[in-house]
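*Asks:* Dumping what Swiss-Prot says about this protein:
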- 1-15: signal peptide (SIGNAL)
- 24-244: domain 'Peptidase S1' (DOMAIN)
- 30-160: disulfide bond (DISULFID)
- 48-64: disulfide bond (DISULFID)
- 75, 77, 80, 85: Ca(2+) binding site (BINDING)
- 132-233: disulfide bond (DISULFID)
- 139-206: disulfide bond (DISULFID)
- 171-185: disulfide bond (DISULFID)
- 194: site 'Required for specificity' (SITE)
- 196-220: disulfide bond (DISULFID)
């Protein structure tokens, strides 16, 4: 378990019984090169996901913060070197100034790459949202997180899950008193499909735009407890202003 992830989840122990909420349960193995904006954050091991939004910036979750991060782009099987991967150290790691490790509000992080990524068939960018997505929108969630709701199985190959965004009312009803206006829920109230440990920071892509960041949840794929995601449409101005100030 990673110390800053412990901090994030101890802060809300009732809601976050596990160390880092970043896996896919009930999904499928993504087709190779089908999620070229997905990155792996590495500190000698994969610990979180992220999304490439331009050739030098990645969006992830603030609770994924570590002092030193290597961003791995073009990954599919994270257990082997396949050729075409790009490993680039972070030169700046910027958490949202109002991030709360207690509530996980404003759970968003920007990473500047030390050198620009080379955009190609394996590595490309995901657009920021032009507007907030509505409930019912089908989205693609991806990551290398745990694939079991009970037990542990971390896959080598990138996993995908198609899931709908839920209404704010359903989200609040699932987690009374814990959902802020900066959070969205996605998934299935009946359970069985969800993100989980190892997927944190990864993308929720809806109609070609980054609408969510894997943030937290109660367990994984539990009935009545959908995944909770950072609502990226609330942060477009902050992202653009932060990039401009650190270019």
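The backbone N, Cα and C atoms fix where each Cβ goes, and this holds for glycine too.
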*Asks:* Determine the minimum-neighbour residue: among 48, 139, 160, 220, listed as disulfide-bonded residues, which Cβ has the fewest other Cβ atoms within 10 angstroms?
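*Replies:* Each of the disulfide-bonded residues 48, 139, 160, 220 was scored; lowest Cβ tally within 10 Å is 160.
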*Asks:* Three-state secondary structure of residue 194 (site 'Required for specificity') from DSSP?
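*Replies:* Once the DSSP labels are grouped into three classes, residue 194 (site 'Required for specificity') ends up as strand.
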*Asks:* Taking the centroid of the Cβ atoms of 75, 77, 80, 85 as the Ca(2+) site, which other residues of that chain lie with their Cβ within 8 Å of it, listed in sequence order?
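*Replies:* What remains near the Cβ centre is 72, 74, 76, 78, 79, 81, 82.
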*Asks:* Given the recorded positions 30, 80, 185, 206, which one is most crowded in terms of C-beta atoms within 10 angstroms?
*Replies:* 185
*Asks:* Neighbour count first, Cβ atoms within 10 Å, every protein chain included; then name which of 75, 194 tops the list of recorded positions.
*Replies:* 194
*Asks:* Measure the Cβ-based neighbour count of residue 85 (Ca(2+) binding site), defined as the other Cβ atoms within 10 Å of its Cβ.
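*Replies:* Result for residue 85 (Ca(2+) binding site): 17 neighbouring Cβ atoms inside 10 Å.
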*Asks:* If I take the alpha carbons of residue 30 (disulfide bond) and residue 77 (Ca(2+) binding site), what is the distance between them in whole Å?
*Replies:* 11
*Asks:* May I ask for the distance between residue 85 (Ca(2+) binding site) and residue 194 (site 'Required for specificity'), taken between their Cα atoms and rounded to an integer number of Å?
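*Replies:* Cα of residue 85 (Ca(2+) binding site) to Cα of residue 194 (site 'Required for specificity') measures 27 Å after rounding.
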*Asks:* List the Cα distance (Å, whole number) between residue 171 (disulfide bond) and residue 80 (Ca(2+) binding site).
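*Replies:* Each residue's Cα considered, residue 171 (disulfide bond) and residue 80 (Ca(2+) binding site) end up 38 Å apart.
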*Asks:* For residue 171 (disulfide bond), what is the tally of other C-beta atoms lying within 10 angstroms of its C-beta?
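*Replies:* Around the Cβ of residue 171 (disulfide bond), 20 other Cβ atoms lie within 10 Å.
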*Asks:* If one looks at the chain holding residue 77 (Ca(2+) binding site), which residues at least 6 apart in sequence have a CB under 8 angstroms from its CB?
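*Replies:* Within the chain, residue 77 (Ca(2+) binding site) has Cβ neighbours under 8 Å at 156, 157.
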*Asks:* Compute the C-alpha separation of residue 48 (disulfide bond) from residue 75 (Ca(2+) binding site), stating it in Å without decimals.
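*Replies:* Here the two Cα atoms lie 13 Å apart.
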*Asks:* Three-state secondary structure of residue 220 (disulfide bond) from DSSP?
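*Replies:* Assignment for residue 220 (disulfide bond) reads coil.
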*Asks:* Give the helix, strand or coil assignment DSSP yields for residue 160 (disulfide bond).
*Replies:* strand
